[in-house]
Amino acid sequence: MKSSEYQLERIAEAKLPTPFAEFSVTVFRAGDGKEHVVIALGELSGTPPLVRVHSECLTGDALFSLRCDCGAQLNAALQKIADEGRGAVLYLRQEGRGIGLGNKIRAYELQDRGADTVEANHQLGFPADAREYDLAIEMLRQLGLCHIRLMTNNPRKLDALAKVGIEIVERVPLESGRNPYNEKYLDAKAAKLGHLFEPR
Ligand SMILES: Nc1nc2c(ncn2[C@@H]2O[C@H](COP(=O)(O)OP(=O)(O)OP(=O)(O)O)[C@@H](O)[C@H]2O)c(=O)[nH]1
Ligand SMILES: [Zn+2]
């Protein structure tokens, strides 16, 4: 299926004041009923804007978990966009790298008993990363964003977008939120998932 054939309906838009800036929030509903979100600031056409393609992490983004770096990355991305006065965060509802919240917490249970983040997914019968970026690509298309500066450390994300012709004119590293509770997790991401962290 070509990305342009993905069903994605823009259903609502409003202002979203935050401690960082007054963003706009737009909700897109996908064919499976899931609602994905874009938080945007300023004029997005013209010079390639900062974009973050963020995967939902309820525990990190909303519940202050220190097991991962998601909340810190979301904060940093919104701050960078606010500092530049323009940009967008695509907030994709693919919790737990696509396996869902309950399964992610099962994976945490296994990690509490010694597995790393990749081994835990495999023990549960899932791939290390079950995410797809077709919907993100379709959202970018609908927003008219084909030249972007992507805030990520994840080479798979870069490849997935570049493969369909979205030009990543710059990769902006997003290294924030390392702490004693997520060190092993971040090291496993670098070693097993190829994440591009600066050497410590
Ligand atoms: N299955 C699983 N998912 C996790 C775990 N820790 C975080 N996640 C999920 O991973 C997703 C975030 O992915 P990351 O690999 O941290 O980062 P990324 O988006 O691939 O890369 P960046 O763009 O550099 O942040 C979110 O959906 C989290 O819910 C874990 O231990 N197991
Ligand atoms: Zn997280």
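Even glycines carry a Cβ here, placed using N, Cα and C.
Bear in mind that TrEMBL entries carry predicted annotations, made automatically and left uncurated.
Going by what TrEMBL states, the Zn(2+) site holds Cys68, Cys70, and the candidate of Cys57, Cys146 recorded there is Cys57. Taking the C-alpha positions, the distance from Cys57 (Zn(2+) binding site) to Glu95 (GTP binding site) comes to 5 Å.
With a 10 A radius on its CB, Thr152 (GTP binding site) counts 22 other CB atoms from all the protein chains.
Of all the recorded positions in the list Cys68, Cys70, Asp129, Arg131, the shortest Cα-Cα distance to Glu56 (GTP binding site) is found for Cys70. A Cα-Cα distance of 16 Å separates Asp129 (active site, proton acceptor) from Thr152 (GTP binding site). Ranked by Cα separation from Glu95 (GTP binding site), the recorded positions Cys68, Cys70, Arg131 are led by Arg131.
Within 8 Å of the centroid defined by the CB atoms of Cys57, Cys68, Cys70, the record's Zn(2+) site, lie the Cβ atoms of Thr59, Gly60, Asp61, Ser65, Arg67, Asp69, Gly71, Gln73, excluding the listed residues themselves.
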